[in-house]
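Notes for the one structure printed next.
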């Protein structure tokens, strides 16, 4: 008897059950096998009702669920959160990279050369003397600040390439017009630019000079207290709302700074450490003064105004402060050997510093400000991991306690003004 291939049930040609109707239910002989067979059978019995209208309603409900889920995941608020996470990552990476690059400038492998000692020439009278090739915090500050000139050109070309096309004259005119509408004359505006330029250079100089003494992680943690300083100055000068938990944060940060100041046991090391801690704390305070005074004297500025302002700071820095670099170099206060200058490290530090400043000042257009600020404190554990792995730094005792207290204080300052309401909602 001749049998067709289609009638033979094999592994490559299994016999398929023929359903007479579109709404047929699988019988017990042809139900799917596996650990989820009961779930599949239940879903089929629920999603294949006998009535066609019920099928359409079921499909519409499923589509409605997916659409609501899509709207939540792709809403404007959700996109800002996604962008904020990316901004936090890049702020952390650029801030840690710039700090460690500057720290590596002071740790740059020095050159050793033989020196003859004593009256006779013998091998015992020759020893290796270390030659410090780079110790120039002010030159580093001046060089890195020059790169802020690129703020407005980058903003300018981004505006030209944006969908809302503007002519170059309109972009420049809009940035200048807003200052003119607020009553700034050219002389008045340049005077304020010079004042902010000096404050910017002074703050960065203190931080870069502190890196020559402290470990990079300690300097990062100390600079993070600028958030507490900003709150105190905003409360006093800008009359911001008083929040009790932020006062607790200020106390915790102050305690952390004191612990870091006394983390070394030796008298010589203690004086040197206290100097570095003082420089880093003053840098944090100077950064807070810069932010609050900018808010007080300039007000709410547009992105074009901020870009123009930073570019002018870079121009004034390059034009006015280069004689200071020469004076410090020829008076041998700062050590620079031009033939051994680590240009690649210096360029890397300048580029990463520019990226951190760009993200800190212009990324508010895409996300919430809290994600930018959060990048400062996430840089501390990342930097600690680098110090432990590469430089064999140990964090224990007063140093570890100080960093933890500063981190807790930083997080408390970021609490919103109405934080008790959020807690009550969570408890409900």
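Cβ atoms here come from the backbone N, Cα and C positions, even for glycine.
No curator has checked TrEMBL annotations; they are predicted automatically.
The feature transmembrane segment is assigned by TrEMBL to 81-106 (among others). The list of residues near the transmembrane segment (81-106) in space but at least 6 beyond its ends in sequence, with Cβ under 8 angstroms from a Cβ of it, reads 134-135, 140, 208, 211-212, 215-216, 219-220, 342, 345-346, 348-349, 352-353, 355-356, 359-360, 363, 366-368, 370-372, 374-376, 378-379, 382-383, 386.
For 139-158 (among others), the entry in TrEMBL reads transmembrane segment.
The transmembrane segment annotation in TrEMBL covers 189-208 (among others).
Annotation comment: TrEMBL describes 220-238 (among others) as transmembrane segment.
Taken from TrEMBL, the feature transmembrane segment applies to 245-263 (among others).
Per TrEMBL, the feature transmembrane segment maps to 275-294 (among others).
Distant neighbours of the transmembrane segment (306-329): 136, 138-139, 142, 145-156, 175-176, 190, 193-194, 196-197, 200-201, 298, 336, 357, 361-362; these residues of the same chain sit at least 6 beyond its ends, with a Cβ under 8 Å from one of its Cβ atoms. The feature transmembrane segment is assigned by TrEMBL to 306-329 (among others).
Long-range contacts of the transmembrane segment (341-359) within the same chain, counting only residues at least 6 positions beyond its ends with a Cβ under 8 Å from a Cβ of the stretch, are 87, 90-91, 94-95, 97-98, 101-102, 104-105, 108, 133-134, 140, 143-144, 146-148, 150-151, 154, 310, 372, 375. Sequence annotations record features per position, and here TrEMBL assigns transmembrane segment to 341-359 (among others).
The feature transmembrane segment is assigned by TrEMBL to 371-390 (among others).
Residues or ranges marked as transmembrane segment by TrEMBL: 396-415 (among others).
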Outside the transmembrane segment (189-208), six or more residues from its ends: residues with CB under 8 Å to it: 102, 137-138, 140-142, 144-145, 179, 219, 223, 279-280, 282-283, 286-287, 289-290, 293-294, 297-298, 309, 312-313, 316-317, 320-321
Per Cβ pairs under 8 Å, the stretch of 139-158, 220-238, 245-263, 371-390 packing most closely against the transmembrane segment (396-415): 245-263
